[in-house]
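Worksheet: one structure, shown below.
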Amino acid sequence: MGITPLIVACEHDKIELVEILVTKVDVNQQLRSNGYAPLHKMASDGNPDIAALLLNNGAIVDKESHDGLTPLHVAASAGNMDVIDILLRYKANINAQDCAKTTPLIRAVQDRHRDAAVKLIDAGANADICAINGIHVLHFAAYLDDIKTIELLAQKGIDLNTKDANGISPLHIATLKGNTSAVEALLSCGAIADILNNDGFTPLHLAVNNDNVEITELLMDKGASINVEVEGKAPAIFSKSPKMNQLFQERGSQSQCEELPIKKEEEEKSVTEQREVAEHAPKPEQQASEQGSNAKSVQSMKRVMDDLSEQYNALLPAC
């Protein structure tokens with residue numbers, strides 16, 4: 001169905017006209033384009049009195065749009081606190097899931113409406129219900145650098161080390177995005193610094209590959225192992241800058257990384273020392289093998305990071 005007089009009256013806040021129309025037409029009529037009913041429209045940014053009027057005249061509180069969105073999803077996404085209150089009063093399903101399995105709570109966090117998220121949690125929303133691929137509300141909070149929501153969920157006893165279908169934790173996500181505040185919040189609240197994903201990568205691998213020295217130091221300070229290996233490669237192998245190399249050398253990494261510039265006095269080696277170094281240097285074929293292995297590890301890391309970005313961007317609302 002296209003635009004109807006009832007929807008127009010609702011959108012233009014004509015409550016007297018709505019009072020007449022609800023007695024003459026189907027209050028659950030849906031738009032052909034997206035499947036929104038009048039109550040969805042009111043949930044977005046409408047008059048709470050009209051929302052209550054619709055509900056009192058037969059509007060289905062959990063009516064689904066074409067994408068499976070209920071009015072509560074829409075109200076949470078818009079941060080419409082008054083309509084959220086009304087919908088909950090009319091026993092809306094607080095844990096309803098749309099076609100992407102997102103809940104109203106996830107929608108509130110996705111669109112950065114923390115007050116709406118708090119209200120839903122206080123009203124009994126289950127924060128452990130995940131979207132597709134096991135993506136938890138904490139993953140979204142980490143992705144968006146939303147430290148207040150991270151702290152709120154931690155206070156509610158939510159597992160900070162929850163993983164999605166690929167074994168990705170919120171700490172992996174915050175590290176991938178370079179969200180220093182979220183990394184700090186997660187670690188301070190008890191997230192495991194050395195948590196592994198399904199490919200064996202720790203957040204430290206991601207931080208080093210991103211050349212993010214600040215997050216690398218944060219993870220190290222919280223006990224992240226600098227020698228955890230993936231495909232035989234420790235995090236240092238992904239280092240891309242002298243500053244990162246220096247950090248690993250200072251922390252005593254057992255993995256070989258690119259040599260730092262050395263001081264002039266350190267260059268003064270005896271002929272004997274230089275010969276010994278030459279004798280023990282890797283043969284060309286060994287170097288080629290190691291370089292190929294390193295390239296494979298870097299490609300594996302890039303694949304993981306690209307997959308992560310694509311997966312989370314697909315679920316976040318368009319800005």
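Cβ coordinates are placed from backbone N, Cα and C, and glycine is handled just like the others.
Copied over from TrEMBL, here are the features:
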| type | residues | note |
| --- | --- | --- |
| COMPBIAS | 263-283 | compositional bias 'Basic and acidic residues' |
| COMPBIAS | 286-300 | compositional bias 'Polar residues' |
| REGION | 263-304 | region 'Disordered' |
| REPEAT | 34-66 | repeat 'ANK' |
| REPEAT | 67-99 | repeat 'ANK' |
| REPEAT | 133-165 | repeat 'ANK' |
| REPEAT | 166-198 | repeat 'ANK' |
| REPEAT | 199-231 | repeat 'ANK' |
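Distant neighbours of the repeat 'ANK' (133-165): 103, 105-106, 109-110, 112, 114, 117-118, 121, 127, 171, 173-174, 177, 179, 181-182, 184-186, 189-192, 195, 197, 311-312, 315-316; these residues of the same chain sit at least 6 beyond its ends, with a Cβ under 8 Å from one of its Cβ atoms. The average pLDDT computed over the repeat 'ANK' (67-99) stands at 98.
The helix, strand and coil residue counts that DSSP assigns across the repeat 'ANK' (133-165) are 18 helix, 0 strand, 15 coil. Residues of the repeat 'ANK' (166-198) grouped by DSSP class, helix first, strand second and coil last, total 17 helix, 0 strand, 16 coil. Secondary structure of the repeat 'ANK' (34-66), assigned with DSSP and counted as helix (H, G, I), strand (E, B) and coil, comes to 17 helix, 0 strand, 16 coil.
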